[in-house]
């Protein structure tokens, strides 16, 4: 191949290098994104704002039915002694249950003309936020870590749940879950650095 042929390939080679160099940091970004405390804090702030808005509505903005949500209480002594896989299961199942609860409340609100539109906006934001958090945790590897061997699954305690019958209680639980179990788990997973 002559000099002209090599020069013709140079722009193509430079383009390939540029695409490769720009693509590599992006591939690793999602796993680290949840490790940036500002990301989780943004979701916590949105949940807290929604909780504050619903505190002001009459009778806590009744949902008209009980919706099952994860219990957000954390026994720190027990949490420190248990394995990361168990934490992953608790967080993954809790997030799935919260997502179902928010989707259910979204459906209930769609059928109600009595509640202000601002409440619908907060529920919609929560649904979107939970989807984003699920994606971020999936990139961190929580879903894989939450899948445990059969012998571990039989000894694992079932997820503790409570019922929420108002939007206020639902958003309080959502906020507490993010500030509690989710923040604890992501902090540990990011410190381990094995992701």
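Cβ atoms are placed via backbone N, Cα and C, with glycine included.
As written in Swiss-Prot, here are the features:
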DISULFID  35-190  disulfide bond
DISULFID  57-61  disulfide bond
CARBOHYD  52  N-linked glycosylation site
CARBOHYD  66  N-linked glycosylation site
CARBOHYD  111  N-linked glycosylation site
SIGNAL    1-28  signal peptide
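The structure, with features from Swiss-Prot marked on it.
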{"residue": "35", "record": "disulfide bond", "contacts (Cβ under 8 Å, 6+ apart)": "140, 186, 189, 190"}
{"residue": "52", "record": "N-linked glycosylation site", "contacts (Cβ under 8 Å, 6+ apart)": "none"}
{"residue": "66", "record": "N-linked glycosylation site", "contacts (Cβ under 8 Å, 6+ apart)": "163, 164, 165"}
{"residue": "111", "record": "N-linked glycosylation site", "contacts (Cβ under 8 Å, 6+ apart)": "none"}
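By a simple count of nearby Cβ atoms, those within 10 Å, the most crowded of the disulfide-bonded residues 61, 190 is 61. There are 16 other Cβ atoms within 10 Å of the Cβ belonging to residue 57 (disulfide bond). Secondary structure at residue 66 (N-linked glycosylation site), taken from DSSP and collapsed to helix, strand or coil, is strand. When secondary structure is read from DSSP and collapsed to three states, residue 52 (N-linked glycosylation site) falls in the helix class.
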